[in-house]
Amino acid sequence: MGAPSSLLFSTAHWRTVPFLLAFWVLLSTGTAEDPTMTPEFLRHISEKIPEEYQNPHCFTRDLNDFICFWEGERRKNASFSYSEDDQIKWCQLRTEVASNNTWWYICEFPVTDVVLFAGITISAYPCHKCQTAREIYINELVLLNPPLNVTVKEKQDPRGLLISWKPPHFQKNHDINNEIKYQVNYSTPGADMQTVEVEAGNTEIFLTDIVPAAYTVTVRCKADGVSYNGYWSDWTAPITIATIIDLRLLLLLSIAIFVALIAGVGVYIFMRHGMYLKHKVWPQVPTPENNFQGLFTTHKGNFKLWLGQADAYLLWISRHVFQEDPSSTLEVLSELPPAALPQSFNPNPLKDSYVVLDENRMPCSLEWLEAQRHKTVIVGAESMDSRLQTVNKDVVLEDTSKGQIAVKANNRVHSLEGDGSQGEAFREDEYVEAPRMEHERHRVSRENSVSSDGKQSIPSSFEYTELQTCEGLLSPKPRPVPPRMPLKYAYLDMSSSGEHSPPPSPNFYQNSPITNFLAPIYSQS
């Protein structure tokens, strides 16, 4: 029983030896065949690698593997060798059909021979475009996988697209994330592709200046730093996002449309019911303009002028009185000759007769004087003659005949002819003054005084007139029209010595409708 059992044990032991040898060969020569190393994948990698990188092409995807390949003629004696620290090693090649006459020769380095930051010398045969031997560094031939978890979000404040991703995964814990840079492609339908490069270490980008459209975004990466370098990876799967219109712009547009609509409705309502709304919102304030026509336009608010009770003569507009100044009263003083007459010698009243002594000195308002004379011919003459009789008893005027006036003074009779060339004969110390009404103006009289040469000066008086202003208008204070003055006194031109004194200056502020009347001429010794 013992012999057969030992025989079976020895037979089973020898059957497991080939499997152990195969496993040892795999560990010593390399890893198992990579199923991704298809002819299509190798063609894609060869097209991706730039031309400056010569054959054979080598790369590492996760810093844990290293693969070299090239395209050459079909040979059974093809070989690939690499050396590190002057120790040459031969790689077991794997072939894939490239075309009708060429094969892909593939060498996969064992994991134990993948050494970073150390130079490796490689040589391949047959390879017409390959150097006999060249030195490479695995950490400079990195071919990364595309970035992971690419996301695109639309932001409104500020408006734009936020694109983010994660770096590719590595089997070994290598600090390479800070040495990977990225490229982002984005485009809209009908527009050219735009590429933005992101600096190493950043894993997001914010795109501004976007428009409402559908955006397609892709991302790729590349090792580009001090320690690692390599090739651009494949682009990620495209991500499409449709952006909407800017909410702020939409809000502003909505507000503008709403305001325009409200304005249109308001204009329509105002055009249709404007007067009604005006009376409702702003009631009409009562104004006297409707009841006082012309008071505030023609008469400038002067109520007296509007009633017709003010003077209709010259109105003086002061340039120095403003509308905001309060109303004031102005008094004007003027010096006038006295109204006293010498005593009359004739107790009898004078008759109302006159003669024109000088035809060249006619009254300015003869028609008005004639009309007034007919109205008050009796009353005026009697009152004036009676005053002359009571005031002066030394001078008497008598009518001698038609066209003549006799003046009797100091028992001497002087005849005034109708011819103006003969003149009048009076004594130098005698004079006749046309009487003036006492109530015509206010007077401030003064007594007779003696002049510097010893002669007695003529008594004089001061007249003042009150003037009132109303909105810049200055006019004399209104007075009633004085009674008629006998016309004959306006023509008395008497002189005994031939010397005539100049007439007094005209008073422009005298409220009299006969301001153009010739003032009496006085004769004094």
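Every residue gets a Cβ built from N, Cα and C, even glycine.
If you look up Swiss-Prot, you'll see 447-459 marked as compositional bias 'Polar residues'. Residues annotated as disulfide bond in Swiss-Prot: Cys58-Cys68, Cys91-Cys107. The N-linked glycosylation site annotation in Swiss-Prot covers Asn77, Asn100, Asn149, Asn185, and the record cites sequence analysis as its basis. What Swiss-Prot lists as motif 'Box 1 motif' is 281-289. If you look up Swiss-Prot, you'll see 487-492 marked as motif 'ITIM motif', on the strength of similarity to another entry. The signal peptide annotation in Swiss-Prot covers 1-32 and is backed by sequence analysis. Swiss-Prot lists Phe117 with the feature site 'Required for ligand binding'. Marked as topological domain 'Cytoplasmic' by Swiss-Prot on the basis of sequence analysis: 271-525. Residues or ranges marked as transmembrane segment by Swiss-Prot on the basis of sequence analysis: 250-270.
Features recorded in Swiss-Prot, as mapped to the structure shown.
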residue : record                             : Cβ neighbours (10 Å)
Cys58   : disulfide bond                     : 23
Cys68   : disulfide bond                     : 23
Asn77   : N-linked glycosylation site        : 6
Cys91   : disulfide bond                     : 21
Asn100  : N-linked glycosylation site        : 6
Cys107  : disulfide bond                     : 23
Phe117  : site 'Required for ligand binding' : 10
Asn149  : N-linked glycosylation site        : 10
Asn185  : N-linked glycosylation site        : 16
**Item:** Cα proximity to Asn77 (N-linked glycosylation site), best match among recorded positions Cys68, Cys91, Asn100, Asn149
**Value:** Cys91
**Complete:** Cys68 (disulfide bond) falls, by DSSP collapsed to helix, strand or coil, into strand
**Request:** Write down the Cα-Cα distance for Phe117 (site 'Required for ligand binding') and Asn185 (N-linked glycosylation site), rounded and given in Å.
**Result:** 33
**Request:** Could you give the residue numbers and ranges of same-chain residues that sit at least 6 residues beyond the motif 'Box 1 motif' (281-289) on either side and whose C-beta is under 8 angstroms from one of its C-beta atoms?
**Result:** 295-296
**Message:** Treating G and I as helix alongside H, and B as strand alongside E, what does DSSP give for the motif 'Box 1 motif' (281-289) in helix, strand and coil?
**Reply:** 1 helix, 0 strand, 8 coil
**Request:** Among Cys58, Asn100, Phe117, these being the recorded positions, pick the one whose CA is nearest to that of Cys91 (disulfide bond).
**Result:** Cys58
**Candidate nearest Cys58 (disulfide bond) in space, where candidates are the recorded positions Asn100, Cys107, Phe117 and distance is Cα-Cα** = Cys107
**Message:** Cα-Cα, whole number of Å: Cys68 (disulfide bond) versus Cys107 (disulfide bond)?
**Reply:** 5
**Message:** Going by DSSP, is Asn185 (N-linked glycosylation site) sitting in a helix, a strand, or coil?
**Reply:** strand
**Message:** Over the span of the motif 'ITIM motif' (487-492), how high is the average pLDDT in this prediction?
**Reply:** 49
**Cα separation, Phe117 (site 'Required for ligand binding') to Cys107 (disulfide bond) (Å, whole number)** = 20
**Prompt:** Can you tell me how far the Cα of Asn149 (N-linked glycosylation site) sits from the Cα of Phe117 (site 'Required for ligand binding'), in Å?
**Reply:** 30
**Asn100 (N-linked glycosylation site) - helix vs strand vs coil (DSSP)** = coil
**Rounded inter-Cα distance in Å - Phe117 (site 'Required for ligand binding'), Asn100 (N-linked glycosylation site)** = 39
